[in-house]
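Remarks on the structure that follows.
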Amino acid sequence: MDTSSKENIQLFCKSSMQPVGRSSFKTEYSSSKEKQRCCGKLKVFLGALSFVYFAKALAEGYLKSTITQIERRFDIPSSLVGVIDGSFEIGNLLVITFVSYFGAKLHRPKIIGTGCLIMGVGTLLIAMPQFFMQQYKYEKYSPFSNSTLSLSPCLLESDSQLPLSIIEKSQSKRTDGCVQTVAIIGPIFGFLLGSLCAKLYVDIGFVNLDHVTITPKDPQWVGAWWLGYLIAGIVSLLAALPFWCLPKSLPRPRSREDSNSSSEKFKFIMDDHTDYQTPLGEKSKIMEMARDFLPSLKNLFGNPLYLLYLCASTVQFNSLFGMVTYKPKYIEQQYGQSSSKANFVIGLINIPAVAFGIFSGGIVMKKFRISVYGAAKLYLGSSVLGYLLFLSLFALGCENSDVAGLTVSYQGTKPVSYHERALFSDCNSRCKCSETKWEPVCGENGITYASACLAGCQTSTRSGKTLIFYNCTCVGIAASKSGNSSGMVGRCQKDNGCPKMFLYFLVISVITSYTLSLGGIPGYILLLRCIKPQFKSFALGIYTLAIRVLAGIPAPVYFGILIDTSCLKWGFKRCGHRGSCRLYDSNAFRHIYLGLTVMLGTVSIFLSIAVLFTLKKNCVSKHRSFRTKTEGTMVSTRIRKENCTTSDHLLQPNYWPGKETQL
């Protein structure tokens with residue numbers, strides 16, 4: 001209230017001559033207090049719900065950031081990692097439909113709190129294998145951390161001796177759009193946390209880090225993938241606490257009960273007693289609600305607009321889930337970046353663009369008061385423009401690294417075809433090297449070799465964590481030198497133009513992410529307004545279920561299967577089974593990753609066009625029926641007025657024409 005209102009209240013309070021005013025003041029004052037209490041609880045609910053969204057998104061974002069770390073730690077292919085990523089959504093399948101249906105009629109806050117507890121415990125369980133498995137093993141050529149001792153990798157292999165292995169552990173409307181934006185902030189922290197943990201060695205806290213001879217740039221490096229799950233699990237458990245203190249429902253203030261100006265979200269959150277409560281305060285029974293389940297489901301799927309939007313969203317989320325899941329891997333393989341840097345870039349640049357796009361979409365909807373039809377056009381336009389921009393990424397790739405025997409010949413003069421790929425050559429034939437090893441060495445000539453043995457190196461020198469090989473016969477041949485040459489542990493850098501391509505990729509990726517997410521809130525509003533109010537909770541549950549079952553679970557799996565087809569060099573486990581991919585064909589990876597994303601996006605655009613035409617058809621038919629009804633009402637009203645006028649004239653005994661004029 002403003003100052004004048006307070007002064008008027010004081011005057012009403014002091015005056016004893018106006019009981020009516022006092023009564024109206026009491027009503028206004030009690031209504032104001034009730035409104036303040038309700039708004040306070042609503043703010044607490046929205047704050048707690050936002051924190052839950054954050055906790056869930058934090059765990060999901062962190063899972064995406066640990067894809068490559070989990071691959072290396074457990075030595076598994078991308079297809080299996082996709083199954084692990086998809087299984088993150090499987091828990092929702094058991095309860096989401098029934099919770100969305102019964103949750104609207106039971107104690108919602110406690111149901112949400114229970115879900116947070118389960119989510120927290122589940123996230124903690126993901127990290128448990130780290131504490132029950134043996135320590136991470138990687139190959140070393142020398143057990144000394146500082147040594148100038150000369151070793152001969154070639155001779156070691158020729159004597160059928162494996163490189164020495166060690167086991168080491170080391171430290172390694174105002175609410176419109178707000179909750180959705182908070183849900184996007186979670187992955188920002190998830191990827192940044194993933195970037196931090198990727199710099200820490202997998203067995204941090206259990207061994208002396210001075211004994212670790214590899215760095216985060218080494219292809220054998222595995223970060224502390226498990227650490228972030230412990231943090232995310234604790235955050236989820238903390239998010240459950242506020243919901244146990246909230247009431248079952250938030251009743252509307254009496255002054256607002258019949259107001260038409262309340263927002264869509266206010267009506268959705270507030271409890272509608274006419275829909276969800278039985279008369280005379282009786283509690284609704286589970287069996288009675290269960291009888292209405294199938295009719296409610298039939299009603300939803302009988303709505304063509306809802307069904308088309310559900311299909312369009314499902315296909316689009318297939319595209320987005322697959323793209324986001326393997327984006328860190330794509331940056332690593334395509335542009336030669338480290339896992340830590342890939343996660344850092346996505347968390348600090350890419351995801352904020354998504355959050356800003358979602359928030360911008362909400363602002364546009366609110367400021368310009370866009371209708372449902374306008375929301376559908378904005379949703380479609382953002383998708384079309386976003387995927388058109390995405391097409392430009394095909395031209396922003398890097399060529400394959402020069403890897404002897406896989407992408408180029410040992411002479412380094414020509415590319416190697418699939419049938420000509422061979423890791424053995426005359427320069428390393430006497431070494432009897434292992435074909436399954438992947439311990440890349442960058443030669444002085446800029447060519448990467450699968451191992452020092454396959455490079456034909458004769459001696460080596462270690463200084464700290466740096467290991468340099470000398471007298472490498474294969475390096476000398478490719479360099480066209482008379483003498484032998486040297487090499488260093490690790491893969492060679494991509495060509496000189498790759499860093500510039502990576503910069504262009506980031507710029508286009510940020511713009512594309514912003515454009516696609518701009519249609520998020522318009523699509524959400526379209527979803528809410530195309531269904532009846534009493535089915536909103538159930539419809540959102542079915543929508544979420546469909547997205548998770550038909551997109552969240554399968555997309556990472558088939559994306560991973562197709563990406564595995566671009567592998568050039570597979571690793572092998574100690575038991576002899578195939579492990580994770582060590583080297584991908586950059587061109588094939590790019591075409592599969594980007595092509596599949598664009599193909600799914602195109603299908604979703606056509607379905608969105610169908611949504612727009614269906615909505616337009618409904619609007620035209622409703623407009624015609626409204627006009628027909630209005631015209632009929634006007635005609636009947638005019639006839640009634642004429643009849644009433646005639647009857648009035650007949651009923652007046654002293655009436656004559658011109659009476660009103662004379663009087």
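Each Cβ is built from the backbone N, Cα and C atoms, and glycine gets one as well.
What TrEMBL records for 421-476 is domain 'Kazal-like'.
Residues annotated as transmembrane segment in TrEMBL: 80-104 (among others).
Among the features that TrEMBL reports, transmembrane segment is placed at 110-132 (among others).
The transmembrane segment annotation in TrEMBL covers 178-202 (among others). Within its own chain, the transmembrane segment (178-202) has Cβ neighbours under 8 Å at 46, 49-51, 53-66, 69, 73, 130, 136, 169-172, 209, 212, 216, 221-228, 231-232, 328, 338-341, 343-344, 346-348, 351-352, 354-355, 358-359, 362, 517, 520-521, 524, counting only residues six or more beyond its boundaries.
Residues or ranges marked as transmembrane segment in TrEMBL: 222-246 (among others).
Summarising the annotation, TrEMBL assigns transmembrane segment to 305-324 (among others).
Residues or ranges marked as transmembrane segment in TrEMBL: 344-364 (among others).
The transmembrane segment annotation in TrEMBL covers 376-396 (among others).
Sequence-distant contacts of the transmembrane segment (501-528) (same chain, six or more residues past either end, CB-CB distance under 8 Å): 176-177, 180, 184, 264, 268, 306, 309, 313, 320, 331, 335, 337, 345, 349-351, 353-358, 360-362, 364-365, 370, 372, 374-376, 378-383, 385-387, 389-390, 392-393, 396-398, 536, 539-540, 543, 611, 615. Summarising the annotation, TrEMBL assigns transmembrane segment to 501-528 (among others).
Annotation source TrEMBL lists transmembrane segment at 540-563 (among others).
Per TrEMBL, transmembrane segment is recorded for 592-615 (among others). Long-range contacts of the transmembrane segment (592-615) within the same chain: residues 304-305, 308-309, 311-313, 315-316, 318-319, 322-323, 326, 330, 372-373, 376-377, 379-380, 383-384, 386-387, 390-391, 393-394, 526, 530, 559, 562-563, 565-566, each at least 6 residues beyond the stretch ends and with a Cβ under 8 Å from a Cβ of the stretch.
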The answer for the transmembrane segment (305-324), taking Cβ pairs under 8 Å and residues 6+ beyond its ends, is 64, 383, 516, 523, 526-527, 530-531, 539, 542-543, 546-547, 550-552, 554-556, 558-559, 593, 596-598, 600-601, 603-604, 607-608, 610-611, 614-615, 618
Residues outside the transmembrane segment (344-364) whose C-beta sits under 8 Å from one of its C-beta atoms, at least 6 past its ends, are 61, 65, 176-178, 180-181, 184-185, 187-192, 194-195, 327-328, 331, 337, 370, 378, 382, 506, 509-511, 513-522
Rounded mean pLDDT within the domain 'Kazal-like' (421-476) lands at 84
Across the domain 'Kazal-like' (421-476), DSSP yields 10 helix, 17 strand, 29 coil
